Amino acid sequence: MTPVVALVGRPNVGKSTLFNRLTRTRDALVADFPGLTRDRKYGHANIAGYNFIVIDTGGIDGTEEGVEEKMAEQSLLAIEEADVVLFLVDARAGLVPADIGIAQYLRQREKTTVVVANKTDGIDADSHCAEFYQLGLGEVEQIAAAQGRGVTQLIDQVLAPLGEQLNADQAVENEENSANEEADEWDTDFDFENEDDTALLDEALEEETEESIEDKNIKIAIVGRPNVGKSTLTNRILGEERVVVYDMPGTTRDSIYIPMERDGQQYTIIDTAGVRKRGKVNLAVEKFSVIKTLQAIQDANVVLLTIDAREGISDQDLSLLGFILNAGRSLVIVVNKWDGLSQDIKDQVKSELDRRLDFIDFARVHFISALHGSGVGNLFDSVKEAYACATQKTSTSMLTRILRMAADEHQPPLVNGRRVKLKYAHPGGYNPPIIVIHGNQVEKLADSYKRYLSNYFRKSLKIIGSPIRIQFQEGNNPFAGKKNKLTPSQLRKRKRLMKFIKKSKK
């Protein structure tokens, strides 16, 4: 599971600044779920090689309603679900009574807590932070979130003790990036015209991704808001006799993993709780299901985003969709409760889908009735198609040919009077497909041309249901920083020339 880090503290200590600093490092979409608790934000971060979910909680001020009551309203569930709590304090303002009250509450929760003194820039940090040791929560870490100073070291120190869970996540990340590192070694002497070179590179990349692709058990996460028919869809897929054992709607804290088999294919259905509307969250029962839904998305191969045809697309649906795309997961859109609608209403729903979801035109859309079972069986065809596209192997030579065709049809733009040169492309990973393009000045390509390349590769490779990630590698000059070694003849000539220059200056 993806680790969860919660940011807590009184107002104006820099929680949101640190949240933005963490999520910006990967340019992640910050998914805002209004109504669960006001001013709560969730985002995905990648710092120091660690992937984790970060929660920005509302400020806690114990002077009005008491620390415990305010904590229960704003941050209790975040603390309960977090693996690590970062307790932010203001180094400039010093220790205040509200900090002491929050610290007392955190000690009672027996949760891993780290005191983080923010705003240490421009002051004697050691002397200003000494008083925070009175909180009794161990060492005090010093950062300046606005400038980013100390943030990487903080995350590395905080998350490293989590051990095997994070090491596994980091190993997956390293596995995805190993192909890029391998390609960097080829960059100076790789000949993409030579079939032997491309075959060797494909073989190296294939070894890196063989294990992940050979995993034939497809994990399907069914996500969406409550009352969209998510549980009914799970019941229809699994059968009633299975639901009695596994289904616990509205009360479970964890996502339920249910193995099943269909037509000889192994699946794991991940049943998740829903993301509720404003004012509909029962804190005593729901147990912060949003985090579990986000973790289920991270763990799945294919995500079924379930939408209620009668209510249309909500902000919660778009927030979940953003997190799915950011996680790089394959996607199938499921519009439920399609039965009983008039043709006019159906046309309106389809028009709204086309308008609001035009940026994910690669995903299949299914109109079903989970209650009556119509259209449910067709979902598995799209699931297998999306998974196959996300894990298909493509050779370097084919990707390079597609890159050339794309450049011939629409040349790269000029940058400072020089045209961007695209040399070759190779696979950089799978699930989602990663295409690495090498060239000169590629970091200066306009976003519009990057989208053009992404769409061209998708159309050429016929990838359905899975996002494509395009990464660009700048071609390094192998002679940069090196001086030519002169021959003896050149040295003698240089010596004569220097003598002539000195003589002419006299």
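Glycine is no exception: its Cβ is also placed from the backbone N, Cα and C atoms.
Taken from Swiss-Prot as is:
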| type | residues | note |
| --- | --- | --- |
| DOMAIN | 3-166 | domain 'EngA-type G 1' |
| BINDING | 9-16, 56-60, 118-121 | GTP 1 binding site |
| DOMAIN | 218-391 | domain 'EngA-type G 2' |
| BINDING | 224-231, 271-275, 336-339 | GTP 2 binding site |
| DOMAIN | 392-476 | domain 'KH-like' |
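Confidence in the domain 'KH-like' (392-476), given as mean pLDDT, stands at 90.
Between the candidate binding-site residues, ASN12, THR57, the densest Cβ environment within 10 Å is the one around THR57. Under 8 Å, Cβ to Cβ, and six or more positions away along its own chain, LYS15 (GTP 1 binding site) finds LEU7, VAL8, GLY9, ASP56, THR57, GLY59, LEU88. GLY224 (GTP 2 binding site) falls within a strand when secondary structure is assigned with DSSP. Note on the binding-site residues THR120, ASN227, THR272: the fewest other CB atoms within 10 A surround the CB of ASN227.
In the three-state DSSP assignment, the secondary structure recorded for LYS230 (GTP 2 binding site) is helix. Separation of the C-alpha atoms of THR272 (GTP 2 binding site) and ILE60 (GTP 1 binding site): 30 Å, rounded to the nearest whole number. Under the DSSP three-state reduction, THR120 (GTP 1 binding site) is assigned to coil, being neither helix nor strand. If you take the C-beta of TRP338 (GTP 2 binding site) and look for same-chain residues 6 or more apart in sequence within under 8 angstroms, you find ALA309, LYS346, PHE367, ILE368, SER369, SER374, GLY375. A 10 Å cutoff on Cβ-Cβ distances gives LYS230 (GTP 2 binding site) a total of 25 other Cβ atoms nearby, all chains included. GLY224 (GTP 2 binding site) sits 42 Å from THR120 (GTP 1 binding site), taking the C-alpha atoms as the reference points.
Here ILE60 (GTP 1 binding site) is positioned 35 angstrom away from LYS230 (GTP 2 binding site), judged by their C-alpha atoms.
Comparing ILE60 (GTP 1 binding site) with ASN227 (GTP 2 binding site), their Cα atoms are 32 Å apart once rounded.
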